[in-house]
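Remarks on the structure that follows.
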Amino acid sequence: MPKKFYVSWDNLQREARRLARRQLPVSQWKGIIAVSRGGLVPAALMARELGIRNVETLCISSYDHNNQRDLVVVKAATTAGDGEGWLVVDDLVDTGGTAKAIRDLYPKAKFITIFAKPMGEPLVDDFEVAIPQDTWIEQPWDMALEFAHPICDEE
């Protein structure tokens, strides 16, 4: 079983704010392209911190159950052209498969992620947190807080 790295809402917001600060000045951006689905929350945080209201989505999907799959663009950010002046935001770059497809679609965009693993790191222009390749990231939107029974209840 791979190692796990748990991300809280507080940590995600803090890391997003640090990453956003490096994207100034805002005047260089026409808008944000949020990579669905993992990049939707980080893109919302970036849009808020940078005061950007023009947010497009890029929806990339894959098929074939749980196996490594071919990428299919379900919806492109059509107003972004070749990406010049656009900030592409995703939560994570892992092996680089999705990142390569994004680079092909928007070669002139600046591509940023909150988290980066070594195999994907060369494909992004900026990221905030380096994560080992063999580590699974548990994002806050994939987790739920639950009641923890007191230890004395185990007796």
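Using the three backbone atoms N, Cα and C, a Cβ is placed for every residue, glycine included.
Within Arg14, Arg69, the residue that Swiss-Prot lists together with Arg37, Gly38, Asp90, Asp91, Leu92, Val93, Asp94, Thr95, Gly96, Gly97, Thr98 for binding 5-phospho-alpha-D-ribose 1-diphosphate is Arg69. Here Arg69 (5-phospho-alpha-D-ribose 1-diphosphate binding site) is compared against the binding-site residues Asp94, Trp136, Ile137, and the shortest C-alpha distance is to Asp94. Around Trp136 (GMP binding site), taking its Cβ as the centre, 12 other Cβ atoms fall within 10 Å, counting all chains.
Sequence-distant neighbours of Thr98 (GMP binding site) (same chain, 6+ residues apart, CB-CB distance under 8 A): Val35, Ile60, Leu71, Asp90. DSSP assigns Arg37 (5-phospho-alpha-D-ribose 1-diphosphate binding site) to coil in the three-state reduction, outside any helix or strand.
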